[in-house]
Amino acid sequence: MAVMTPRRERSSLLSRALQVTAAAATALVTAVSLAAPAHAANPYERGPNPTDALLEASSGPFSVSEENVSRLSASGFGGGTIYYPRENNTYGAVAISPGYTGTEASIAWLGERIASHGFVVITIDTITTLDQPDSRAEQLNAALNHMINRASSTVRSRIDSSRLAVMGHSMGGGGTLRLASQRPDLKAAIPLTPWHLNKNWSSVTVPTLIIGADLDTIAPVATHAKPFYNSLPSSISKAYLELDGATHFAPNIPNKIIGKYSVAWLKRFVDNDTRYTQFLCPGPRDGLFGEVEEYRSTCPF
């Protein structure tokens, strides 16, 4: 019977320890390699890692081109402009409506801003400037259909028609809520200082960000934006952001808060890009001397 000397015993113990260490290291590397690419596996992720500075800038990381949609060529809406990233890839698509008596020019800045973060965006003129919210819902839907089916091949080839969203100002915001209630397949809705006679949107299941303005006397938040938000089901992803010191017409000029949180919402829910959750949960700080009067949501998303 062989007898193990102290030297051989120490050598054997060291060998077994090294084997155990190597096995543990291999298991750790395997676990890390499996867990690390979680967000990278998202096929809809576009653009660099987001920062506050990037989202608050006047334009995003993508160069943008435009395509005019004449009133004569438009079907079901009043024409407009399509903004799209020059980079050849597929993107979610967004339609944006102006408000009562407003024209496309009043929301044009949003088209270019959002497109520069990796979306195909159409800003529209309505058939008449006096069109009511439910008519604007129909026109937003027609604008989405135009981008998917009738725009140039350059635009159509860039659109992922399974990832659509709508936005609108004032009565366009009311139209946004109406279309969201009619099309649960939409990935996101963003009403901006919205106006609508209907106060109950409990049928909406689309992730919805409502942006109100504390000095709005046309669609006061107490009778519009807040009741709209409160009526949305608590089971859906939703958020309410109230601008501090802003009026009903805040969405008509470039606004870094509207731009930042609109892009973050679209990225999170149209692109399923969780890199943007950090800007929405817990969201902006509100209170005295800030740019945001109030923020609340159904975080976590």
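Using N, Cα and C of the backbone, Cβ positions are placed for all residues, glycine too.
Per Swiss-Prot, the poly(ethylene terephthalate) site holds Tyr100, Met171; the candidate it also names there, chosen from Trp109, Trp195, is Trp195. Each residue contributes its Cα atom, and for His248 (active site, charge relay system) and Asp216 (active site, charge relay system) these two points are 5 Å apart.
Of the candidate recorded positions, Ser170, Asp216, Cys281, Cys299, the one lying closest to Trp195 (poly(ethylene terephthalate) binding site) when CA atoms are compared is Ser170.
Remark: Met171 (poly(ethylene terephthalate) binding site) has Ser97, Gly99, Tyr100, Asp131, Gln132, Pro133, Arg136, Trp195, His196 as non-local neighbours, by Cβ distance under 8 Å and separation of at least 6 in sequence.
Residue annotation for poly(ethylene terephthalate) gives Tyr100, Met171, Trp195. The furthest Cα pair among them is separated by 9 Å. Surrounding the centroid of the Cβ atoms of Tyr100, Met171, Trp195, where the record places poly(ethylene terephthalate), the chain contributes additional residues within 8 Å, namely Gly99, Gln132, Pro133, Arg136, Ser170, Gly172, Gly173, Gly174, Pro194, His196, Ile218, Ala219. In this structure, the CA atom of Cys281 (disulfide bond) is 26 Å away from the CA atom of Asp216 (active site, charge relay system).
Ser170 (active site, nucleophile) sits 11 Å from Asp216 (active site, charge relay system), counting Cα to Cα.
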